[in-house]
Each structure stands twice: as structure tokens, then as C-alpha cells.
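Chemist: Sharing the feature lines straight out of TrEMBL:
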BINDING   GLY161, GLU162, SER163, GLY164, ALA165, GLY166, LYS167, THR168  ATP binding site
DOMAIN    6-58  domain 'Myosin N-terminal SH3-like'
DOMAIN    67-183  domain 'Myosin motor'
Amino acid sequence: MAASLGKYTRVWIPDPDEVWRSAELTKDYKEGDKSLQLRLEDDTILEYPVDVQNNQVPFLRNPDILVGENDLTALSHLHEPAVLHNLKVRFLESNHIYTYCGIVLVAINPYEQLPIYGQDVIYAYSGQNMGDMDPHIFAVAEEAYKQMARDEKNQSIIVSGESGAGKTVSAKYAMRYFATVGG
């Protein structure tokens, strides 16, 4: 994966409790080294074994400036820990339940009613391009509505997720959007 990593490089390592944990190299790593010398965020020093046969090192962290991006495709490193961390930051620290991944909208069910679905929000998204405003189910609905009107072809929005994820509620919000902007 990488022949060498420098001191202060930040990585993700698997963790049984937190799933992924952030760490920083405390010394340079060179191909063939059997372990990485890491400092965890709580300042614990850890010697982390490396798969020498396959030269597999941990996933790299994104620069801080990219943390909380509203489109996952903007991340320098797009892998499981980067995606989960970005979604966690957006949801827990910024209270954003929606995040784009290109043209796909990722939603985290907050399991509570939010004041982000009113008529004023519908009108704010009406006529806007998908990336011009914060990610939202109304932005996806507006994109489908515009393409339907412009191309005069049927459009589909696929709502997918596990049981209880909020698929039915999301579909209802999209239909409410169509009913409002379609008159």
C-alpha cells in the first residue's frame, strides 16, 4: 500500500470499542518494518504490527480541513474509517443528517422530528442546483423534478436502507416536495 510513511502521519487503526481510532506516527516507517510506532489521541503510545508480507499499513486520515465535508467525494482518502468519521462529525458536531456522496444522498436517521422540512425549506430548494445548497432530500427531489420537466422523461429516486432507517419518511418528504412545487 505504501512504501514509507513519515513521522506525524495520521492514520486509522481498528478498535474493538470505537471501530476506528485515530493515531499519529511517532517515527518514520519504512518498507519492511514490522510495526508502526503510534501515539493515540489520548497520548497513549502503541506499537502497531504491520502485515509485512503485503506491506499493508493502516488507512490514512484526511487533512483536518476536509473533516465535515458535505460531499464524501471531496475527501482525499475515501475508505470506511474516513466515511464513518466524516458522517459522525457532520451528525454529532454539526447536526447535519444529510451528506452527499456524488449524486447519492446519505441520510442518518436522527429518530426525532427536525424543523428542516417546512414549506419555507421546500421553496428554498426549489429551482436550485443539487450542489448549491446543503445536502437535503429536497435537493434530490428538485434534481429529479428539473430533469423530468426538462427531458420529459420519467425519473426515479431510489430510497434504500435497513429496517427502521427512515425510508418511508424520506419518500414522504420527497412526495411532499413534488406536490408543493408541482402545484
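The count begins at 1 with the first shown residue.
Cβ from N, Cα, C; glycine included.
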Chemist: If you run through the domain 'Myosin motor' (67-183) with DSSP, how many residues end up as helix, strand and coil?
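Modeler: Tallying H, G and I as helix, E and B as strand, the rest coil: 55 helix, 9 strand, 53 coil.
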Chemist: Tell me which residues of the chain lie with their Cβ under 8 angstroms from that of GLY164 (ATP binding site), as long as they are six or more apart in sequence?
Modeler: ASN109
Chemist: Within the domain 'Myosin N-terminal SH3-like' (6-58), how many residues are helix, strand or coil going by DSSP?
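Modeler: The domain 'Myosin N-terminal SH3-like' (6-58) comes out at 0 helix, 28 strand, 25 coil.
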Chemist: Of these binding-site residues, SER163, THR168, which scores lowest on Cβ atoms within 10 Å?
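Modeler: Minimum Cβ neighbour count within 10 Å, taken over the binding-site residues SER163, THR168, occurs at SER163.
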Chemist: Any same-chain residues 6+ apart from ALA165 (ATP binding site) with CB under 8 Å of its CB? Would you list them in sequence order, or say none?
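Modeler: Listed in sequence order, they are ALA107, ASN109.
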Chemist: So how many other Cβ atoms are close to GLU162 (ATP binding site), meaning within 10 Å of its Cβ?
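Modeler: Cβ-Cβ neighbours of GLU162 (ATP binding site) within 10 Å number 8.
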Chemist: Would you report the average pLDDT that the model assigns to the domain 'Myosin N-terminal SH3-like' (6-58)?
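Modeler: Across the domain 'Myosin N-terminal SH3-like' (6-58), the average pLDDT comes out at 92.
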Chemist: Can you tell which of GLY161, GLY166 has the most other C-beta atoms within 10 Å, given these are the binding-site residues?
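Modeler: Result of the Cβ crowding comparison: GLY166.
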